[in-house]
Amino acid sequence: MTHILTLNAGSSSLKYGLYDATDPPRPLTTGKVGRIGGTARLSPADGPARDLPGVTDHATALISVLSELHNTHPKARVTAVGHRVVHGGLDYDAPIRLTPEILTKLDALSPFAPLHQPHNLAGVRAAISAFPDAAQIACFDTAFHRNHPFVNDTFALPRRYYEAGVRRYGFHGLSYDYIASDLAQHEPDLSRVIVAHLGNGASMCAMRDGRSIASTMGFSALDGLPMGTRSGQLDPGVVLYLMDQEGMSPGQITELLYNQSGLKGLSGLTNDMRDLEASSDPRAAEAIDYFTFRIRRELGALAVSLGGLDGVVFCGGIGENSAMIRARVCEGLDWIGISCDADRNAANARVISPEGSPVRVMAIPTNEEIVIARAALALG
Ligand code: ADP
């Protein structure tokens, strides 16, 4: 028996999965190193969690994951490693088996997603050293959105920027791919669906018949919703002001917009939604107000793009677990067919709208790992 390893480096987490290389891949174990950059903690799905002192970044987190897997599955023979890679640029609209040339091309896309792409590619390189004979497969977060209509793909800049790749790529594609396959299997009657992936990174996607037609994320993973530490949509005039009047360098603005803004910047407290929900500080409440306000604003815009709405799906750490955020998003939206049943919502039920509701509102745990494992099986 051979095995597939999946690696999914988020902005503050490293999720992993070990699978039998069967069709479909059978999960043996999954887990996560969370709060990287703070007090890193390893949480295997099937064992006790423990702190990882000394783990300060994604590369050291990966070493801990490999040692954990070596202890729990000493006989595993990894023949394919599937990686989440945030940016595939214009060239990659499907998973691909990596070569040194492709890896170099992907390095060149790091400025488009500086918070993720370098971590993803560091993970690829660490996996090549750990498993030199295994196939390395990249699965791109941008791929699911590559066929957007022109109006959702472009900015109103002179044409030459579009030709040079300054486009709306959209991200979280593996998560949306998973939700699309879940909906195709379990809710085949739903055509026009908005999916809200609400984690430390957050975005929304409008899908028609399982295909993305619009995303709140654009050229970079900064656009759209406010996130744990990212600003989300911002008037570009603010960036000009920071440069001209505050004398900030591109590096300082990058640090501000990617690492010091969003829920953390607005609350002045934390990027963690659980901690914000528990806080009595009025700034925590204002950060949550802004988060839900922007989700609702995008919901309206995406519903118009779809020409109506059949379903709404919440996923990601916040979307799957926070009944409060889901209730706040759905509040007073009966006029577009959205409502939320308090008991179903509190129980984290799959369908949280009342029976017979015109729009089916759901909370569906996403599974980016299985999407990666399927691709690694197919291409490994
Ligand atoms: P990443 O984008 O790093 O993969 P996740 O999808 O794991 O992030 O989501 C992390 C976010 O989910 C954090 O803000 C965390 O506080 C939030 N979260 C997790 N569980 C809950 C919960 N029960 N209630 C509210 N928020 C939660």
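Every residue gets a Cβ built from N, Cα and C, even glycine.
Feature list (source: TrEMBL):
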- D141: active site, proton donor/acceptor (ACT_SITE)
- N8, E368: Mg(2+) binding site (BINDING)
- K15, H197, L198, G199, N200, G201, D272, M273, R274, G317, I318, G319, E320, N321: ATP binding site (BINDING)
- R84: substrate binding site (BINDING)
- 29-51: region 'Disordered' (REGION)
- H172: site 'Transition state stabilizer' (SITE)
- R230: site 'Transition state stabilizer' (SITE)
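Largest Cα-to-Cα span within the ATP-binding set K15, H197, L198, G199, N200, G201, D272, M273, R274, G317, I318, G319, E320, N321: 19 Å. Between N8 (Mg(2+) binding site) and K15 (ATP binding site), the C-alpha separation comes to 5 Å. Scoring each of the recorded positions (D141, D272, E320, E368) by how many neighbouring Cβ atoms lie within 10 Å, the top position goes to D141. The CA atom of L198 (ATP binding site) is located 10 Å away from the CA atom of H172 (site 'Transition state stabilizer'). Comparing C-alpha positions, R230 (site 'Transition state stabilizer') sits nearest to D272 among the binding-site residues D272, I318, E320. Annotation note: R84 (substrate binding site) sits in a strand segment as assigned by DSSP.
Of the listed recorded positions K15, R84, H172, R230, R274, the Cβ environment within 10 Å is emptiest of other Cβ atoms at R274. E368 (Mg(2+) binding site) sits 14 Å from E320 (ATP binding site), counting Cα to Cα. Using a 10 Å Cβ-Cβ cutoff, N8 (Mg(2+) binding site) registers 24 neighbours. Spacing of I318 (ATP binding site) relative to H172 (site 'Transition state stabilizer') is 14 Å (Cα to Cα, whole number). Of all the recorded positions in the list R84, D141, H172, the shortest Cα-Cα distance to N200 (ATP binding site) is found for H172. Proximity to ligand 1 (Cβ under 6 Å from any of its atoms) holds for these recorded positions out of R84, H172, N200, I318: N200, I318. A coil conformation is recorded for the residue listed as 'active site, proton donor/acceptor' in the three-state DSSP classification, outside any helix or strand. If you compare Cα positions, R274 (ATP binding site) sits closest to H172 out of the recorded positions R84, D141, H172.
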